[in-house]
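Trainee: Copied straight from TrEMBL:
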- 251-271: compositional bias 'Low complexity' (COMPBIAS)
- 283-306: compositional bias 'Basic and acidic residues' (COMPBIAS)
- 13-108: domain 'Ubiquitin fusion degradation protein UFD1 N-terminal subdomain 1' (DOMAIN)
- 109-184: domain 'Ubiquitin fusion degradation protein UFD1 N-terminal subdomain 2' (DOMAIN)
- 192-319: region 'Disordered' (REGION)
């Protein structure tokens, strides 16, 4: 059966046309959407079939078996011809004058679509989702495997449709559709910096080597000296800085040094700074000689007798 000289099949619309880009009829707005221009005879046939609106069509290239979907903008083309966006002809591998089959279809409303930009330049736009939403208002349907073109700021961005739900071809007219983005085709993950082995070993050695403990402050660890210039009869042992446990023997050494120094000072004061009468003077001299000749080992400190005034003997100056 023929309609206006062209075959059609039953109650569905299916025709073959020769395709040409939209630039042939000076319709640049076609490039920003997915709509085609068909001849007036197609409108008469579609009206007689009482098909559902919006009018959606399946485009098929029999030579390459490429399939896409589109809407219709106007019915002003010459008979036997249709005008398509150039990016759609590229998707279907069509050249000027190639034959394409057009069939009316009903598509489900889309709920989810996943897009993948060709280049990272699209992500550099200040608000890519807003630009994409504005562009998709000129589209009536999306097909998995197609590449749509988004024009912005005198530049063209191509985006692949890699997934759609609930079908491979969906209608996006008056529907809430979730949009997800995949990484761009030219995206490269940043490489992690690898530390050299030698530096890693040095860092481990630096961590493993413990810090040397700082010497703690130990008071009164100097050497004692006599006021009369004579050498000490007792040499103190060297003082260690090992910690708080070694403080007790150091304190004992310091006490012994201070006791020896106090005894020597008292002897020096008695011999050089005072006049001693009677037999006490001889006793003090003898004790000094005995101490100089035979040094005594340090003994434990004893309590010194308390001072008692007016307890000495009486002596007469007359003799």
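Positions of Cβ are set from backbone N, Cα and C atoms, glycine also.
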Trainee: Please list the DSSP helix, strand and coil residue counts for the domain 'Ubiquitin fusion degradation protein UFD1 N-terminal subdomain 2' (109-184).
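Mentor: Final tally across the stretch: 14 helix, 34 strand, 28 coil.
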Trainee: Would you mind splitting the domain 'Ubiquitin fusion degradation protein UFD1 N-terminal subdomain 1' (13-108) into helix, strand and coil residue counts from DSSP?
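Mentor: When I sort the residues of the domain 'Ubiquitin fusion degradation protein UFD1 N-terminal subdomain 1' (13-108) into the three classes, I find 25 helix, 37 strand, 34 coil.
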